[in-house]
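Visitor: Quick one: the structure is below, and I'll ask about it shortly.
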Amino acid sequence: MQSKTLYLKATALLGGCTVFAATALAVTSTATRPQLSSADARTYTIAKYLASFGTIGSLTTDNWDPTGGVGAVSGFRANYAVAADGTAQYKTVQAAIDAAVNAGGVARRYISVKAGIYNELVCVPESAPPITLYGLDANAGNTQIVYNNANPTPASGAKTNPCMGTSSNATVGTLRSATAMVRASDFHARNLTFKNSYVEGTYADNNQSAVALAVRGDKAILENVSVIGNQDTLFVGATSTTTVIRAYFKNSFIQGDTDFIFGAGTAVFHGCTIQYTAARLGAKAASYIFAPSTAPGNPYGFLAINSTFNATGNPPNNSLHLGRAWDQSVSGTSAYINGSSPNGQVVIRDSSLGALIRLADPWGPSTAGRPYCSANCAYSANRFFEYNNTGAGSGN
């Protein structure tokens, strides 16, 4: 692959400082690692991703711009306060959320959370007013909402996320395993960790998914949050596959090891650290970061921009896929319908990719077995692209 060259051009002197403009020269695109042109890249920006929502086929455009984040904690005034040690109005996060829901109204409600470990399941129901949930400690790791649950956990006697209702299934299931689930619109979070502490292999099953956070309502903003798990850590998607919801993650941290950012929603990861953990899989298997199930009528799935992709646990170089398409509810290639079945969409741009990323083929076959293909394909062409990335895993 042709190497990328960056050149810096001095454009002005301001206050004694030289201001540089960086221009990225085009990288040769390959069939297995397609790169956007500068012109095409203008179609895949934060503004484009987050401009529209609603029913696919008749999306509503409101040009939502969340890039300012949720605001400074110093400017918040808590309507409800939570402290695990009993020094505040509520001891659990869910109790404060329930109080905000029961109070009704449409005004934004602020819930402060004192540093501590909150071992509980959290549901922000669809009926909730706009809620800002924030940790008082600026270190997100000091305020953790954590629970141990997973897809194969026996359902009998197990608690499941209350946003999901009851089920007759023998096991908890993927989404019911979520430590926290947000179904309301206009949810904001800051200075918090959402974690699923399930230890994979506790229960035998090929699907060891254990969700830390599921975002199912529109216009969610999460700033300085950590979302930690292994398989299926973070889900973004509406309750209906025909509906587009949006989430914006700013200066946040997402960790996992298999398909750990997944779903049919539209999400932007801006200035985030996306970290693969080799603690469970080690060097024995290639894995995947993104697993989008974007509907074919939605041009925007996941965007990572100005972000860092790295690893912990010393996985081998050139081993990790950036992603694969999650062909949700499609059992195999014979059941895949071009233009109707899901066709995941991801763009990674202006980001730093660590050496663990596969160089020649960073995008894997879909979950239904569709071979990765970017053009002239038997099945729907994959919608995975890169632009202007750097680092040992960028292929540049």
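Backbone N, Cα and C define each Cβ position, glycine as well.
Relevant sequence annotations retrieved from Swiss-Prot are reproduced here:
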SIGNAL    1-21  signal peptide
BINDING   T174, R324, W326  substrate binding site
SITE      Q231  site 'Transition state stabilizer'
ACT_SITE  D232  active site, proton donor
ACT_SITE  D259  active site, nucleophile
Visitor: Roughly how many angstrom lie between the C-alpha atoms of the residue listed as 'active site, proton donor' and the residue listed as 'active site, nucleophile'?
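Guide: Rounded to a whole number, the Cα-Cα distance is 5 Å.
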Visitor: Under 8 Å Cβ to Cβ from W326 (substrate binding site), same chain, six or more residues apart: give me those in sequence order, or none if nothing qualifies.
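Guide: Set apart from W326 (substrate binding site) by at least 6 residues yet with Cβ under 8 Å, we have D259, F262, G263, A291, P292, S293, P342, G344, S366, T367.
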Visitor: Please report the three-state DSSP label of Q231 (site 'Transition state stabilizer').
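Guide: In three-state terms, Q231 (site 'Transition state stabilizer') counts as strand.
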Visitor: Restricting to the same chain and to sequence separations of six or more, state which residues have a Cβ under 8 Å from that of R324 (substrate binding site).
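Guide: Long-range Cβ contacts: D259, Y288, F290, A291, G344, W363, G364, P365, S366, T367, Y372.
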Visitor: Taking the Cα atoms as reference points, how far is T174 (substrate binding site) from Q231 (site 'Transition state stabilizer') in Å?
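Guide: Distance between the two Cα atoms comes out at 10 Å.
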Visitor: Which of these active-site residues has the least crowded Cβ, counting other Cβ atoms within 10 Å: D232, D259?
Guide: D259
Visitor: Given the recorded positions T174, Q231, and counting only Cβ atoms in the protein chains shown, which has the most within 10 Å of its Cβ?
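Guide: By the 10 Å Cβ neighbour count, Q231 comes out on top.
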Visitor: Restricting to the record's substrate-binding residues (T174, R324, W326), give me the longest CA-CA distance in Å as a whole number.
Guide: 18
